Amino acid sequence: MTRRKLGRMKVRPPDPETAQRYLLRFTGRQLYHEAERLPGLSSPELFGDQRPLELDVGCGTGEYICHLARSDPEANFVGVDLHLKSLHKAIRRAEEANLQNIKFICADFRQMYPLLRPSALRAVYLHFPDPGIKPRYRKRRLFNERFLEEMHRAVVPGGRMSLVTDDEDYFRQMLELIERDGRWRRAHEEPYLTGFDPPVKSRFQKMWERRGRTIYRFELVRP
């Protein structure tokens, strides 16, 4: 979905109390100059407890991560997205379910690496990231060597990373980087998987499936 279409999304912002409960906003200036003053991506810093933490990068309107939070109340979940209106919908979804174990951060994840903490994450989800269709945008793709390096530092040994894309070119890049990296073990014998049928699908997944796009997937484990 293009940013223009996302910009036309009609959604009412949460009231101040609800926003304070669920939402954090980090500007690029804060992340670049004041990262040490911001809470890190860990359960103690975000939730004040020691529960396992799972991270959804590019969570959109929150269908998938809210399902995860409902299904596992003994863990914490944080969704990151750059688009505030999408997060407003995600917050409404969390509020309607009265979820106590979820927060959302409005920020550019590429600037959030200083907030990662060693072995703080049980799982990371990167589902349907922006492929940057135009050649000049491809160098800005989130999934790259730096992403793999930072996730290896942040994910606990035995933790996992789930990667899903409908873009064949992005998939080929992911496959090449994973095979070259060597620090992650596939949770499946095949080089990759096709199809993705979670109990709750995001609006992006539904949209691409309606268009008949092939979905490529990797499930990785940090040894």
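Glycine is treated like the rest: Cβ placed from N, Cα and C.
Cβ-based neighbour count (10 Å, all protein chains) for Asp130 (active site) stands at 17. Swiss-Prot lists Asp130 with the feature active site, giving similarity to another entry as the kind of evidence.
What Swiss-Prot records for Asp56, Asp81, Asp108, Asp130 is S-adenosyl-L-methionine binding site, and it gives sequence analysis as the kind of evidence.
Annotation source Swiss-Prot lists substrate binding site at Lys134, Asp166, citing sequence analysis. Under a cutoff of 8 A between CB atoms, and with a sequence separation of 6+ in the same chain, the neighbours of Asp166 (substrate binding site) are Phe128, Trp208, Arg213, Thr214, Ile215, Tyr216.
The most densely surrounded of the binding-site residues Asp56, Asp108, judged by C-beta neighbours within 10 angstroms, is Asp56. A gap of 14 Å separates the Cα atoms of Asp56 (S-adenosyl-L-methionine binding site) and Asp130 (active site).
Secondary structure at Asp81 (S-adenosyl-L-methionine binding site), taken from DSSP and collapsed to helix, strand or coil, is strand. With a cut-off of 8 Å between CB atoms and residues at least 6 apart in sequence, the same chain places Gly58, Cys59, Gly60, Leu87, Ala90, Phe104, Ile105, Cys106 near Asp81 (S-adenosyl-L-methionine binding site), listed in sequence order.
Within 8 Å of the centroid defined by the CB atoms of Asp56, Asp81, Asp108, Asp130, the record's S-adenosyl-L-methionine site, lie the Cβ atoms of Val57, Gly58, Cys59, Gly60, Val80, Leu82, His83, Phe109, Pro129, Leu142, excluding the listed residues themselves. Distance between Cα atoms for Asp130 (active site) and Asp108 (S-adenosyl-L-methionine binding site): 12 Å, as a whole number.
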